[in-house]
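Student: Got a structure here, written out as structure tokens. Questions coming.
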């Protein structure tokens with residue numbers, strides 16, 4: 001009854017599908033740090049006695065609210081019930097384990113980055129030593145300290161008697177890739193701010209550091225632009241309940257910053273812009289049916305000066321609202337049929353000598369857009385088609401590879417041309433299937449393409465993408481976690497961390513930890529969490 | 001006023017909903033608004049009435065056989081008053097033409113139970129009359145849901161309803177959801193929320209696959225060690241007698257039967273932890289390997305245990321049926337065991353272990369029969385030729401060939417329910433609800449008499465990959481597609497009309513606090529408030 005016989009035997013026969021069971025020697029650490037030594041000497045943490053505080057040598061003090069907020073958050077996670085798995089008490093138990101009274105956080109650089117925004121060049125490394133009587137977390141700046149606090153919290157467990165305990169450990173850690181992102185799509189479904197914040201919180205638990213905010217697209221335009229308020233007034237699903245106000249956007253950015261996460265907005269043009277046209281007349285190309293306008297619209301109209309005037313003003317606003325050094329400009333999936341139908345476009349093509357090659361028109365548009373964005377002092381990311389079409393790009397452009405089947409060749413080409421790149425093709429989490437698909441995401445090796453060492457250095461990371469056709473506030477969070485956690489470890493941990501069964505054991509407990517922290521992260525397979533999710 | 005009339009309150013929903021007085025053009029995308037599942041007969045006029053928050057009442061008709069002492073109805077009135085006026089209207093529609101002159105007000109919904117016995121304190125059964133027939137001005141429980149689905153918000157946010165006459169009854173009597181609380185424990189809160197959602201979709205059977213290999217969360221009063229040893233955790237991951245009682249009563253108040261499944265002889269690994277000698281010891285060569293197989297069918301103690309256990313089950317669960325499982329029995333352990341081999345020889349079973357399985361099931365059925373319960377079994381039990389009582393319900397689940405199986409089962413004269421096309425634990429990208437919706441349960445070759453034996457179906461959500469974190473959005477609104485197939489007329493199959501209604505029905509579930517996932521891109525006026 002339970003399922004088809006075929007699947008039944010498959011599962012029985014495949015050790016990777018067993019609900020397991022075992023525990024990893026690395027406990028529930030996720031993603032696995034670069035260097036880990038855990039001894040079996042354990043200490044207890046007292047609820048009243050344990051403190052997280054600035055080391056006196058630290059360059060960040062009580063005025064660093066980023067750290068103070070993080071201490072409060074992790075104190076709550078650690079002693080409010082973060083220990084999710086009972087483990088055997090260490091051998092010192094009988095003689096009464098010693099107590100760990102303090103975690104000292106020591107920012108070693110003169111500039112702690114406390115009030116800064118994280119960037120692609122931020123140093124995220126940290127070193128954590130858990131020993132009696134104090135544990136020490138050393139990091140060059142606050143970004144590494146945040147990761148170290150998460151790791152510290154993952155070392156804490158409940159012993160047989162429910163006492164919070166931690167084993168003596170030495171950890172030295174840094175990310176394999178600098179860009180570790182999650183793409184959420186707030187156009188196909190509006191995501192309430194609460195959902196975005198909860199997922200930023202979960203990203204921090206998984207050491208993700210980029211929130212790629214695909215904020216607008218064809219179906220709706222929820223971004224409330226101060227310069228062009230009619231865009232959301234007309235283009236959002238609802239002008240009040242389904243928009244992101246400037247205050248909302250600011251809150252998302254600050255919430256993310258406090259967790260070491262960059263917010264990179266995507267304003268995708270010239271395609272995927274149907275919702276823009278509702279509030280901005282003449283922005284989109286009128287499509288023709290024979291010799292008369294059909295009443296429908298195509299991509300952004302690339303032949304009007306007003307288009308570029310608009311883009312100049314719009315991206316100037318974007319550059320001030322979003323502090324990150326990069327903005328994602330999209331550029332994917334441009335449908336040429338509307339352009340082809342329009343007589344004015346045809347005339348322009350002739351004037352420019354583009355012949356019938358509409359990708360030249362697309363490149364013409366993108367080139368002008370890139371020049372505009374460059375004047376706003378931002379770097380840009382673009383989807384791979386822009387590169388494929390031969391548009392001239394700034395050297396610091398990040399090319400985003402997303403087309404499956406051939407992404408290795410594409411990575412080779414992009415890096416051979418000297419551009420930095422990030423990979424998403426194998427990590428489209430909106431595609432679902434029965435079973436443990438996290439394993440498929442986990443097994444991806446981003447540097448498996450043919451290329452020189454120099455080329456591989458140009459791969460700065462990747463993103464898990466959860467496009468919005470089928471997800472909204474009701475199901476997004478459990479669909480994203482812990483499947484995205486598999487991507488998190490691939491992007492953070494060493495290349496040789498690839499033991500699926502050890503990963504299963506750690507991830508199962510990590511999943512329960514997310515659940516205990518109030519995140520509805522779905523199960524990998526049958527089994528249970530000591531504290532099940534309290535919602536429905 | 002508006003009356004809902006039904007023969008009995010359990011199915012309070014039968015009846016005729018007649019609304020009259022003023023106006024509104026109900027122009028949603030579907031001419032049937034957001035009704036789901038679609039009632040058998042619907043007439044909605046464009047005359048609309050307003051419902052005033054302070055003035056509107058749901059009350060017993062004075063002719064009704066159920067009065068204020070019928071707490072089932074009183075609870076339902078409260079629930080639906082909240083849904084209707086607490087914000088159940090999910091779609092703004094254009095004000096009707098009479099708007100300027102002020103639409104009339106609908107002040108009352110009268111609920112008229114017409115049978116002398118209202119069934120108010122009874123349990124629903126497979127023969128409950130869920131129809132709502134009616135005369136003018138009448139209405140019931142299922143009818144309350146339908147009434148609430150007729151209410152919408154007009155342009156000014158005013159709760160409105162159009163003059164309507166609805167006559168309704170289900171196409172199939174057995175419309176179930178299977179939840180699996182063994183592979184993952186489901187907190188009571190999750191079960192109750194899904195019962196509530198079942199009622200919104202007019203499902204009437206909760207098939208509780210309560211135990212299985214991974215865990216045994218059912219706390220048995222007779223054999224407490226079963227959950228003590230076999231549950232994931234003996235306190236936090238068990239269903240106590242009080243929990244079970246609460247589930248049953250919560251379901252009853254919503255016209256839902258609770259049919260427990262205690263699957264044997266396979267799928268019983270968790271039973272063995274608290275009941276030594278119940279399972280067959282497997283052998284490796286000539287010595288026990290330390291692992292165990294299906295229930296041991298050759299010991300008298302096995303049947304003594306089953307007798308006591310199912311006697312308890314028969315008193316704990318009031319429904320007339322219990323599901324006895326009987327699927328996917330793996331013979332390899334039996335084959336390894338020398339005592340079993342000897343028994344096979346004695347019985348003259350040769351090498352045919354399905355005979356041994358049948359031997360066990362036959363004895364089990366006889367035991368359960370003495371508890372005065374009917375039983376449901378998975379199709380293998382029928383396939384193996386076990387002798388079944390005439391009122392046995394055969395549950396068809398194996399995909400690819402389920403039509404042939406339905407033909408065979410009904411040709412043999414057994415009633416049957418279908419689940420094969422509705423295994424909702426299988427997921428894929430896209431709108432798979434359409435696939436479930438397009439299923440026609442009576443498409444197999446057979447006589448009219450055979451087709452009458454198909455009493456319904458169940459959507460199954462097996463528990464390997466779902467727990468409290470993701471079960472509800474994975475079940476809804478995908479199961480809603482099954483709900484309409486089992487309730488509405490056979491000819492209700494316009495996918496695009498269904499899409500239009502289901503989209504709004506989905507938003508209504510969301511507004512009622514249920515995280516029902518989206519069908520496709522779009523939005524709800526009130527998005528889900530949780531994460």
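Cβ from N, Cα, C; glycine included.
When I checked TrEMBL for this same protein, it listed these features:
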{"type": "DOMAIN", "residues": "A:29-155", "note": "domain 'Beta-hexosaminidase eukaryotic type N-terminal'"}
{"type": "DISULFID", "residues": "A:64-A:114", "note": "disulfide bond"}
{"type": "DOMAIN", "residues": "A:177-494", "note": "domain 'Glycoside hydrolase family 20 catalytic'"}
{"type": "DISULFID", "residues": "A:287-A:338", "note": "disulfide bond"}
{"type": "ACT_SITE", "residues": "A:333", "note": "active site, proton donor"}
{"type": "DISULFID", "residues": "A:512-A:529", "note": "disulfide bond"}
Student: May I have the DSSP-based helix, strand and coil counts for the residues of the domain 'Beta-hexosaminidase eukaryotic type N-terminal' (A:29-155)?
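Tutor: DSSP classes over the domain 'Beta-hexosaminidase eukaryotic type N-terminal' (A:29-155) add up to 37 helix, 36 strand, 54 coil.
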Student: For residue A:529 (disulfide bond) and residue A:338 (disulfide bond), what Cα-Cα distance in Å is obtained after rounding to a whole number?
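Tutor: Each residue's Cα considered, residue A:529 (disulfide bond) and residue A:338 (disulfide bond) end up 54 Å apart.
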Student: Return only the integer: C-alpha distance in Å from residue A:512 (disulfide bond) to residue A:64 (disulfide bond).
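Tutor: Their Cα atoms are separated by 31 Å.
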Student: Any idea what the Cα distance is from the residue listed as 'active site, proton donor' over to residue A:287 (disulfide bond), rounded to a whole Å?
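Tutor: The Cα atom of the residue listed as 'active site, proton donor' is 17 Å away from the Cα atom of residue A:287 (disulfide bond).
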Student: For residue A:529 (disulfide bond), just give me the three-state DSSP call.
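Tutor: The three-state answer is coil.
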Student: Check each residue in the chain of residue A:114 (disulfide bond) that is at least six apart in sequence and keep those whose C-beta is under 8 Å from its C-beta; list them in sequence order.
Tutor: A:60, A:63, A:64, A:65, A:66, A:67, A:107, A:142
Student: Averaging the per-residue pLDDT over the domain 'Beta-hexosaminidase eukaryotic type N-terminal' (A:29-155), what integer do you get?
Tutor: 89
Student: Starting from the Cβ of residue A:287 (disulfide bond), draw a 10 Å sphere and report how many other Cβ atoms land inside it.
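Tutor: Within a 10 Å radius of the Cβ of residue A:287 (disulfide bond) lie 18 other Cβ atoms.
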Student: Comparing the recorded positions A:64, A:333, which residue's C-beta has the most other C-beta atoms within 10 angstroms in this structure?
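Tutor: Ranked by Cβ atoms within 10 Å, first place goes to A:64.
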Student: Sort out for me which one of A:338, A:512, A:529 has the most neighbouring CB atoms within 10 A, since those are the disulfide-bonded residues we care about.
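Tutor: Output for this query is A:529.
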Student: What does DSSP say about residue A:338 (disulfide bond): helix, strand or coil?
Tutor: helix
Student: Once the DSSP letters are reduced so that anything not helix or strand counts as coil, what is residue A:287 (disulfide bond)?
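Tutor: Assignment for residue A:287 (disulfide bond) reads strand.
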